[in-house]
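Here the structure is laid out as C-alpha cells; the discussion comes afterwards.
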Amino acid sequence: MVDVDSFVEDARAEISEALGDETAIIALSGGVDSSTAAALAYEAVGDQLVPVYVDTGLMRKGETDEIREVFDYMDSLRVVDASDRFFDELAGVTDPEEKRHAIGEQFIREFETVAEEVDATQLVQGTIYPDRIESEGTIKSHHNVGGLPERVGFEGIVEPMRDLYKDEVREVARHLGLEEIISERMPFPGPGLAVRVIGEVTPEKVAVCREATHIVEDELEAYEPWQAFAAVLGRATGVKGDNRVHGHVVAVRSVESRDGMTARAQELEWETLQRLQSRIAGTIDEVSRVVYDVTHKPPATIEYE
C-alpha cells in the first residue's frame, strides 16, 4: 500500500515541476481517478490548472450536476456539453476498439478547443497502473492512454497516479478530503456508457443503459460490490401487456475485486435478482429481458468492451 502522505507530497512536486508557469487542462470525468488527479493538481498549481469536464452524453445519471456541485471550489472549472458531437462520431461504429479510439480522439479535440481558449500547453490525466497494464498488454485500449490521436496538440502529458492501483487512489482521495460521492464511487470506464452498449451507440440505447445502471447501483449498494452496472447486449423477444415486443436485453454485472486486475462475480440472493429484473424490465419500456453475468475475470474482463 502506498504511503499517502509521501505520495501526495511527491505528486504535488512532480506536477509543479512539470507545469512550471504554464497553464494546463485536466480531463475531469467524474470518476475517482480523474477527480483525485484534478484535486492533486489543483492543490499544486491552483487556477493555473483548468479542469475540463466534458459531458459526452455517455455519463451516469445525474453525474454532470454532481460534478458542478463537488468541484465548484475550482474557479477555473469548465463544463462542456459535447454530447451531440460524441454521438455523431459514434454513429455507425460497432467495433469496440474503434469506439474507444473515436471517443479518445473526440475527448482530445474538446480539450484542445479549451486549451486554445486558455492558452494551455499541458494535459494532466488520471491514468492508473491497471490502465497501463491492459493497454500495454493489448487486452484493450483505454481512452486516456491507447485512444489518443497520433498527434496531440499539447507539449506534455502529466500522469501523477500512473503507478497507483484503484484502492490506493481511494486512499489518496480520502486524504485530500474529496466527498464520499467521489472517493467511494465505483469505477467507471473513461469512454462511459459506450462500452456498456454492444454494437452501435445511440442516444436511445445509452438512455436505457443509464437508467438500468442507476437501478443496479441502488439495489446492490448493500452488497458493497467493487463494481456493479448494467449493459445493453442486443434485442430479444418479450411480452408486455398483450403485445409481443422486440426489446433490449440488459445484463447485470456485479463483481468483487481489490484492484480490477482480477475479479469474481458476486453471488446475489435470488430475491435480489428478481427485484432487479422486475425494476429494470418493469420501469424501462424498451427492455424485454434481464440476465445476470456470473463470469469471473479472467476469463472475462469486467466491462463488456
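Note that the numbers count up from 1, one per residue, in the order the chain is shown.
Just so you know, glycine gets a Cβ as well, placed from its N, Cα and C.
Here is what Swiss-Prot records for this protein:
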DOMAIN    2-185  domain 'GMPS ATP-PPase'
BINDING   S29, G30, G31, V32, D33, S34, S35  ATP binding site
Residues within 8 Å of the S29, G30, G31, V32, D33, S34, S35 Cβ centre (excluding the ATP site residues themselves): L28, T36, A37, A38, G126, I182, R185, F188
Sparsest-packed of the listed binding-site residues (S29, S34, S35) - C-beta count within 10 angstroms: S34
Under 8 Å by Cβ from G30 (ATP binding site), counting only residues of that chain that are 6 or more apart: Y53, M59, R60, E63, T64, E66, I67, I182, R185, F188
For the domain 'GMPS ATP-PPase' (2-185), mean pLDDT (0 to 100): 88
Residues near G31 (ATP binding site) in space but at least six apart in sequence (CB under 8 A): G126, R185, P187, F188, G190
Local Cβ density at D33 (ATP binding site) - other Cβ atoms counted within 10 Å: 27
Sequence-distant neighbours of V32 (ATP binding site) in its chain (C-beta under 8 A, six or more apart): K166, V169, R170, A173, L178, I182, S183, E184, R185, P187
